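Heads up, the thing below is written out as structure tokens.
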Amino acid sequence: MYYYLITLAVIALDQLTKWIVVQNMEIGQKIEVIPGFLYWTSYRNDGAAWSILEGHMWFFYLITVVVIGIIIYIMQKYAKGKRLFSISLAFILGGAIGNFIDRVLHQEVVDFVQTVWGNYYFPIFNVADAALSVGVVLMLVYVFVDDRKTKGIK
């Protein structure tokens, strides 16, 4: 059940950082954190990652509720005793709920983390997005390690 604590921590950190941005920054305002690389940039997104399907909130409500239900079911049924698997699901669940809260309460998601690599500006994201990404990477590691164990590869 420790993985639900991870989920709650992700949600709390996500909502706290978004609240700080909303309270202290104007939309479009940019604060340089690491020169030439990391900025806090206040942005609102009414779509999915990278503004995909902007303006289709009903779709995100439906998909998110279904995904959250599936993740909780999988956590209860299959994740017990599988540490990396349960942690990856906890990050994914926390990220999904964090952005869902924004969509329900504000019909948009607060994004603020902007990274720059040379001339490339990575799409602005938030803690929930980062948690989703970390969860997916951990899930891929779990699948790779589990596959190697199943095949007896060291």
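A Cβ is built for glycine as well, from the same backbone N, Cα and C atoms used for every other residue.
Noted in Swiss-Prot for the protein shown:
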ACT_SITE  Asp111  active site
ACT_SITE  Asp129  active site
TRANSMEM  55-75  transmembrane segment
TRANSMEM  84-104  transmembrane segment
TRANSMEM  124-144  transmembrane segment
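The list of residues near the transmembrane segment (55-75) in space but at least 6 beyond its ends in sequence, with Cβ under 8 angstroms from a Cβ of it, reads 3-4, 46-48, 86, 89-90, 92-93, 96-97, 99-100, 103-104, 107. Cβ packing within 10 Å was compared across the active-site residues Asp111, Asp129, and the lowest neighbour count falls to Asp129. With a threshold of 8 Å between CB atoms, the same-chain residues lying at least 6 positions outside the transmembrane segment (84-104) that come near it are 2-4, 6-11, 14-15, 18, 57, 60-61, 64-65, 67-68, 71-72, 74-75, 78, 110, 126-139, 141-142, 145-146. Note: the Cα of Asp111 (active site) and the Cα of Asp129 (active site) are spaced 9 Å from each other. Asp129 (active site) falls within a helix when secondary structure is assigned with DSSP.
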